[in-house]
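Colleague: Found this in TrEMBL, in case it helps:
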DISULFID  73-105  disulfide bond
BINDING   77, 79, 96, 103, 285  alpha-D-glucoside binding site
REGION    312-339  region 'Disordered'
COMPBIAS  319-339  compositional bias 'Basic and acidic residues'
């Protein structure tokens, strides 16, 4: 694999990949993949293949990701590049065609990236797609078709689909608000209004801060040096803030005004958004706080049926045994911890008995001495 994959050299301290099936797996050989091995590192590695264009063809990018370490913050996505990429200088700002795959950071970011480059600008998908976070191997598939539709699958199950033009901001909108039309002056779109019958209480207005008249001037206060002493200001317990009348439903509410639409003169359709020339490199350009992610079963094809079958024949056949092995390891670890804890408690109990015996002997000797002295 070292011959097929080229490590970037743009930084001296980039993280190293190793070939392994990990701590638990479905098959010790088939499940070997590229694993990140160093914490808090950037990783950059890529593999080149014969250049091709997906013009007029379906493009499918598929691979498996296993966050064995239960990742807390880090990328698990791949990038697709053109043939002119300098692989030994691969870095975060290297121009790419497609970025696809899971990204996790903390409790908020647990998403699948779908980012396509159009006219040298990356465009992310507007739909939120949640990734898997359970620590097992999962199959990620992106399908881009010549009719400009797309699908995202996880474990060969559809999780998102749509039209590229609708779900990514490649082009200006087809329709815009008519700039010559304005909302009627009498159109009331306020859902709620101030209650005209609600009157501010007479005792409402109290200052936010008042003087603390219970305070006393410090004995050592020097007016000449410190200035004239004043009572300190404290929060007024009677202060209730700015008064506002309660809200009631607006009886004249007419809803949101429907602004008339017209064709956008700046819109121009483009039927080639989906296509790229000289697709030639797949790469991993990621950051990971806690290393341990395993990447495997990379596939780029134009055959949707083959991709699904390939996923079933690789990930599909080893996912069950992988989970069984992990469950067995967890149970064995729990049993070892239980035995260790029992031994620890048993040792503590024995030591406690020994201390009681020793203290009993000491008391017996002391009693004998006391009797002799008496």
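Glycine too: its Cβ is placed from the backbone N, Cα and C atoms.
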Colleague: Around the alpha-D-glucoside site (77, 79, 96, 103, 285), what further same-chain residues have their C-beta within 8 angstroms of the site's C-beta centre?
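Modeller: Here the nearby residues are 75, 78, 99, 100, 101, 113, 115, 283, 284, 286.
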Colleague: In the compositional bias 'Basic and acidic residues' (319-339), how many residues does DSSP put in helix, strand and coil?
Modeller: 21 helix, 0 strand, 0 coil
Colleague: Please give me the CB contact count at 10 A for residue 79 (alpha-D-glucoside binding site), counting all chains in the structure.
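Modeller: Within a 10 Å radius of the Cβ of residue 79 (alpha-D-glucoside binding site) lie 28 other Cβ atoms.
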Colleague: Give the sequence-ordered list of residues that share a chain with residue 105 (disulfide bond), lie 6 or more positions from it, and have CB atoms under 8 Å from its CB.
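Modeller: Sequence-distant Cβ neighbours: 72, 73, 74.
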Colleague: Considering all pairs of residues in 77, 79, 96, 103, 285, annotated in the record as contacting alpha-D-glucoside, what is the maximal C-alpha distance expressed in whole angstrom?
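Modeller: About 17 Å separates the two most distant Cα atoms.
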Colleague: By a 10 A CB contact count over all chains shown, which of the binding-site residues listed here is most packed: 103, 285?
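Modeller: When each Cβ's neighbours within 10 Å are tallied, 285 leads.
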Colleague: Using a 10 Å radius around its CB, how many other CB atoms surround residue 77 (alpha-D-glucoside binding site)?
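Modeller: Its Cβ has 22 other Cβ atoms within 10 Å.
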Colleague: Can you tell me how many other Cβ atoms are located within 10 Å of the Cβ belonging to residue 73 (disulfide bond)?
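Modeller: Other Cβ atoms within 10 Å of residue 73 (disulfide bond): 14.
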